[in-house]
Amino acid sequence: QYLCAKHEERRVRANDREYNEKFQYASNCIMTSKYNIVTFLPVNLFEQFQEVANTYFLFLLILQLIPQISSLSWFTTIVPLALVLSITAVKDATDDYFRHKSDNQVNNRQSQVLIRGSLQNEKWMNVRVGDIIKLENNQFVAADLLLLSSSEPHGLCYIETAELDGESNMKVRQSVSVTSALGDPNNLALFDGEVVCEPPNNKLDRFCGTLYWRDKKYTLTNQNMLLRGCVLRNTEACYGLVIFAGPDTKLMQNSGRTKFKRTSIDRLMNTLVLWIFGFLVCMGVILAVGNAVWEREVGSLFQSYLPWDPPVDNFLFSAFLSFWSYVIILNTVVPISLYVSVEVIRLGHSYFINWDQQMFCSQCNTPAEARTTTLNEELGQVEYIFSDKTGTLTQNIMSFNKCSINGKTYGTDPLDFTPFNPLADPNFCFYDDTLLESVKVGDTHTHKFFRLLSLCHTVMSEEKSEGELFYKAQSPDEGALVTAARNFGFVFRSRTPGTITTTEMGRPVTYTLLAILDFNNIRKRMSVIVRNPEGRICLYCKGADTVLLERLHPCNQELMNITSDHLNEYAADGLRTLALAYRDLSEDEWEAWSESHRCADKAASCREDRLAAAYEQIEQDMMLLGATAIEDKLQEGVPETIAVLSLANIKIWVLTGDKQETAVNIGYSCKMLTDDMTEVFIISGHTVQSVRQELGSVCLSLSLFSLQCPPPSPPPPPSNLMDNISGEFALVINGHSLAHALEADMETEFVSTACACKAVICCRVTPLQKAQVVELIKKHKKAVTLAIGDGANDVSMIKSAHIGVGISGQEGIQAVLASDYSFSQFRFLQRLLLVHGRWSYLRMCRFLCYFFYKNFAFTMVHFWFGFFCGFSAQTVYDQYFITLYNIVYTSLPVLAMGIFDQDVPDQRSLEYPKLYEPGQLNLLFNKREFFICIAQGIYTSVVLFFVPCAVLSNATQSTGVPLADYQTFAVTTATTLVIVVSVQIALDTGFWTVINHVFVWGSLGLYFTIMFALHSQTLFKIFPNQFHFVGSAQSTLLQPVVWLTIALATAICIVPVLAFRFLKVDLKPQLSDTVRHTQLVRQKKRKPVGRSVGGAWRGVGRVSEGRLGTRGSRRSGYAFAHQEGFGELITSGKNMRLSSLALANFASRHSSSWIDTLRRKKHSHAHTPPSASGESSPPLYRLPLLFLAGE
Amino acid sequence: MGKVKGKSGPLARRPDNSAFKQQRLPAWSPMLTATTVLPFFYLMALICMLLGVWLLLTVQSTQEIKLDYTEAGTCDMCFEKRKNVSNAAQICTCTVVFPIKKALKGDVFFYYGLQNFHQNLRRYMDSRDDAQMVGRKTNLKNPSSYCEPFMKDPNGLPIAPCGAVANSIFNDTFTLTYHGSSGPSIPVPLLRKGITWYTDKNVKYRNPKNDNMTLAQVFEGTARPLYWQKPVYELDLLDPTNNGFINDDLIIWMREAAFPNFKKLYGVLYRAKQPFTKGLPAGNYTINISYNFPVQYFRGRKEVVLTTLTWFGGQNHFLPIAYLVTSCLILLIAIILTVVWWKFGKNGKRLEE
């Protein structure tokens, strides 16, 4: 780093290692690992002691080494501390081992380096700055290179930057013209140019430098750079000069540490631990004051038997020491094993997520993955989900689903094309053989229909071998249409700037392409004008029905009506529609228009407008052919998942870069928006004023509605009117309006409005805005947010949400890398949240409650004993018991509960999404629950101390030996404690697996075994001073009176708890109790409950219904093209290769068998329970029980 | 389950379908229902009740006589004497007379009790060296530093047994005499051995190994504790095997009491001879006390306790009463729960339907 500061610039001379070595640039060896074998111990320990808890225990350890203070042996602290430290160390070491492994793997990749004129294979780590590297097709770029020359013309080369920025489309890079001439290695070996450029930085899209060669200067830009992490595509080979290597590369400079996310339970826990510290200090002070008083009143008189320690000369100093002694004794209220146990539990939950078969996607062979192990219980508290659309809700696969040709609609049964057409795309699927028939018999309209589809587009084709066609379409919709035509026998083969070659019904035809009237957002249509081999000129047009139907010849009226009906029908099915039309042109017409077009094209001013006018002129009096319907395929189970999640009171916001139409369309098809919603508000103002106005009117109508139709439940207080609106509203907001709405003065209004709506869709938002929206909700709602997305544009949102989920296996891996959880299907989200999240939250809460309880019960006994032992910091228990209590005797059962507990089975939590609510409301562990636990713990400690105290102080053994000796008392109390907390964990455990049994009984067994071992003669004979409890165990536990004491104390501790729990279940049963109860009783008959609970339920019943209402929301097509078409590029004939490559990404991506997906999707539409998702998808009709709980 | 074996194929990365990994382990999910909780409560109440009654009856059959002799009888003189430290070496004996109205039947145990004596102070309890008392020769001459300031005597000789506990040993001795309604006074024979824990006597406390040496020789080079009148090897002049660290009185004292008021066993009635074969007969008794242990410094009291035992020890009223009270409370709770469940319970009603 200091080098950069010293040299404001970097100098690299090609093929001159000696020169470059002067600067000591980083080598290409990367090291993401933190430790090596030597540094591991010190560095890791140093890191661990930066944690407050560990330092605290170290401080305690030091206190214990002071003999006047030490109330406990040093090992009572050091053993747990060492255990905790070593567990963490092992985890860190494992992590680092894998980092080493992946570093090694990357560092040992081979690359070809030009050394002394010849290419040699070198490991990546040995590549130096200034070397020239040869890259071949599909190779990863090893370092940041200056592109020198390429096998392609003009020094072009193509790269994919998915790993770098997540964008999976191809990008072109070009070398400086002087170097591109240096084609072969021999010339390159002599190249000695010197590059002067900026120091390493993390800006991916910027580079500035200068190449000095042969006394000339050449400016270098990002356009000349190949960055590490990119992959070379469609380029045979290229040569590059290493500019930045290893840690200096932009990829490594960008891989900063992600910010550490903490869960709300974590934060609560930290607060509570601080409170407990405060409590500890209070206890210490009370006991120290007690000690002062005692020493003054009694201790001073007792001095002949026990003089004060030499440094102590008065009772105050004694009290001061006693304070510290008690801090040591009572430190177990802040259990050292808390943090490590929490980590272990979370790790277990993460493994359960990784292991879940029902979150495994067999199509893409990807299991779910918990990439962070620290957020699991927050999954059970999510209130807002922010979802990307493309690739997350949808598969980004368009399928030609239905069509209407000349007033006849097609599209029902699957078809096999191969016998009919050898050029068919095997992945294409259509469902109506009558259409095929009509193609076969040669129906003119049908032929025209498909001819149009095969001609009117801007798709590029690539035919690698005969019959193996690849289409590269600018938008997936267009690709789907051309593919449809191809399969029905009208195969688009190739194009030149002036011609289009097709194969029509097996016969090759070449059309002359006269003009492309390209698409834009205003026209919402595109046309081509072609001359067929017979010489006839025809205009083919496809476009949004709204614009196209206006431009038809009047004689089409009847057909238009029928087609219009069909269009409505398609739109109601959530399909995207396009209308198709043609117009035969006479030679004269064409000539005339062509002239005017040329004029417009050459016009210096207002070219756009004049072109549009010219297009408008010819696109008139067209003959309607029909309409197409394209399905933007949703991912499997998306509507069901959204329904279940919204039943669980989770609000789903869709944040997409798509256009408003597309977004709304998807909103409808995934049932976020429904036609029976009260109103769908759209905010699309461009100015602050208009946005404010629109928001205001939304607010107004929201409040109006809530006044007119008060919800069935008791009316909400007016203050939070907005939170309690029961009607179903949806809000659609545009990116440019959002920019205004996110400004400081409007954001509160925006948040309250948006949160009152059931669904919110933000379209045309930038990645930054996505993150802003998430931050906004985090700030204003104090709710747990989850962001889910698949692309690089979702990274910011994923990082800023409490929980980020990446959809794997679609676009780049950027989103997954930034995410906390990743899986490959949106529908797994319901299982992640409702099953895993819910369980994690429940388990963590139960764990924490019990953990604080058991430590208070354990520790507070010392406090009570203080009043009897002159506040001298004498412990009640044997020091070994204190050491082992938390880490051996009571750790495993509570861990087992924390890892395995279930209140209701997983299917039930999906069936009753309401079960998710306690997590959102934070009911299971909050300050109140904490105090209840503490109170219970203190109560238990009172019983634990005073019952044995009262019994034993008078009791004797049956041999007459008094039982009131310290060791008997210690053993009795300890045994009672272990038994009481074991009974308590038994009560808390709701799901007794074998493991729980083993752990609970095992812990008890272990306690007795260890106690007998520690009190054995053998150990005493070796270390008489350490094991002076010899014989206490058998002497004590053989006494019936001891067992009667234990039984009595246990009963007194447990009975009130049991009674309270029973009352709670009986009087205020939680939904989970009810569900459990039902499970238990196995009530077969579920009575349907007539009364509806609230608006939240109304939409549900409808979800399973196949169709939407037909309240005239035809959502027309051409929503797909996000940018201008490529018409001009094609006709100009400029660099065909480049443009086709730029388009290349779409077709190549979905090479896998999505036909399976398609077929399954169809099936699942036909029969409601989708076979693929199996049990995981909840039958929505089993809801009546929810109503009981809602009351 | 249709799992593809091996590491290839589309399902290669599919997680195992084991019950453990899929969280489907067979499990028992207990639930607090009225049918389990209410009977449990009644049963608990019943069990506690029965235990309480049984224990109460048992306790009723025991007898206990407590006698605070701090200033009783002629001991007030000794009490005054002991107030002055300079008189510590002087012998003082006194007598306390007390009647036993009802004969104590069976084994009678004789305890001495101390009140307000804190054997449970941390530094007091630490002030001992178990290694020394188990007979380790190195520790005999080099006691643990925990024994400070009772580690070495002013001459620098190591103290055996060292530490505050041993130093403060209770050194009153008692002789009990029976004055029957007729006949002479009979000294009540007390067994003063075998009254310790077995492990204490046989494991925890051992004298240093003496190869043909007398105990006195073994302990040569050590000093007696400051407050002791006799060295450790002359604690029991009658029985040479009851000397050194294995002296019963020492062992009993060294077993520290948990609370400031405690009693420790002094002896058991030896029932071989008449009239004590059936216990202590009713009548008048006198205790002769060699009054050595000063308690006035710390406002303590001294007492003797005579008691008979049952299978679960001496007289202990707390346990049966606690059981009876608990039983009543549980019963009360059970009744309340039943009423609540019957009248208001949601589960109850739903079960009815």
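Every residue gets a Cβ built from N, Cα and C, even glycine.
Under the heading active site, 4-aspartylphosphate intermediate, TrEMBL lists A:Asp388. Per TrEMBL, ATP binding site is recorded for A:Asp388, A:Lys389, A:Thr390, A:Glu478, A:Phe519, A:Lys542, A:Arg576, A:Thr656, A:Gly657, A:Asp658, A:Arg764, A:Lys770, A:Asn793, A:Asp794. Per TrEMBL, Mg(2+) binding site is recorded for A:Asp388, A:Thr390, A:Asp790, A:Asp794. The region 'Disordered' annotation in TrEMBL covers A:1157-1178. Look at TrEMBL and you will find A:56-85, A:272-294, A:314-340, A:847-868, A:880-900, A:930-954, A:966-987, A:999-1020, A:1040-1063 tagged as transmembrane segment.
Feature annotations (TrEMBL) mapped to structure.
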residue: A:Asp388; record: active site, 4-aspartylphosphate intermediate; Cβ within 10 Å: 28
residue: A:Thr390; record: ATP binding site; Cβ within 10 Å: 23
residue: A:Phe519; record: ATP binding site; Cβ within 10 Å: 26
residue: A:Arg576; record: ATP binding site; Cβ within 10 Å: 27
residue: A:Gly657; record: ATP binding site; Cβ within 10 Å: 22
residue: A:Arg764; record: ATP binding site; Cβ within 10 Å: 20
residue: A:Asp790; record: Mg(2+) binding site; Cβ within 10 Å: 31
residue: A:Asn793; record: ATP binding site; Cβ within 10 Å: 24
residue: A:Asp794; record: Mg(2+) binding site; Cβ within 10 Å: 35
Candidate recorded positions A:Asp388, A:Phe519, A:Arg576, A:Arg764, pick with smallest Cα gap to A:Asp794 (Mg(2+) binding site): A:Asp388
Three-class DSSP secondary structure - A:Arg764 (ATP binding site): coil
Rounded Cα separation (Å) that holds between A:Asp388 (active site, 4-aspartylphosphate intermediate) and A:Asp790 (Mg(2+) binding site): 7
Within-chain partners of the transmembrane segment (A:966-987) [C-beta distance under 8 Å, separation at least 6 from its ends]: 850, 853-854, 857-858, 861, 876-878, 881, 885, 889-890, 893-894, 897, 940, 943-945, 947-949, 952, 1000, 1003-1004, 1007, 1011, 1015, 1029, 1032-1033, 1035-1037, 1042, 1045-1046, 1049-1050, 1053-1054, 1057-1058, 1061
Cβ contacts under 8 Å made by the transmembrane segment (A:847-868) with residues that lie 6+ beyond its boundaries: 265, 269, 272, 283, 287, 290, 326, 329-330, 332-335, 338, 341-342, 345, 874-877, 885-886, 890, 894-895, 897-898, 925, 929-930, 932-934, 936-938, 940-942, 944-946, 949, 973, 977, 980-981, 984-985, 988
Proximity verdict for the transmembrane segment (A:56-85) and the transmembrane segment (A:1040-1063), three or more C-beta pairs under 8 Å: no
Recorded stretch, among A:272-294, A:314-340, A:930-954, A:999-1020, maximising Cβ pairs under 8 Å relative to the transmembrane segment (A:880-900): A:999-1020
Long-range Cβ neighbours of the transmembrane segment (A:1040-1063) (under 8 Å; 6 or more residues past either end): 936, 939-940, 943-944, 947-948, 951-952, 955, 958, 963, 968, 971-972, 975-976, 979-980, 983-984, 987
Distance, A:Asp790 (Mg(2+) binding site) to A:Thr390 (ATP binding site) (CA atoms, angstrom): 8
Inter-residue C-alpha distance, A:Arg576 (ATP binding site) and A:Asp790 (Mg(2+) binding site) (nearest angstrom): 23
Span of the ATP site, taken as the largest CA to CA distance across A:Asp388, A:Lys389, A:Thr390, A:Glu478, A:Phe519, A:Lys542, A:Arg576, A:Thr656, A:Gly657, A:Asp658, A:Arg764, A:Lys770, A:Asn793, A:Asp794 (Å, rounded to a whole number): 34
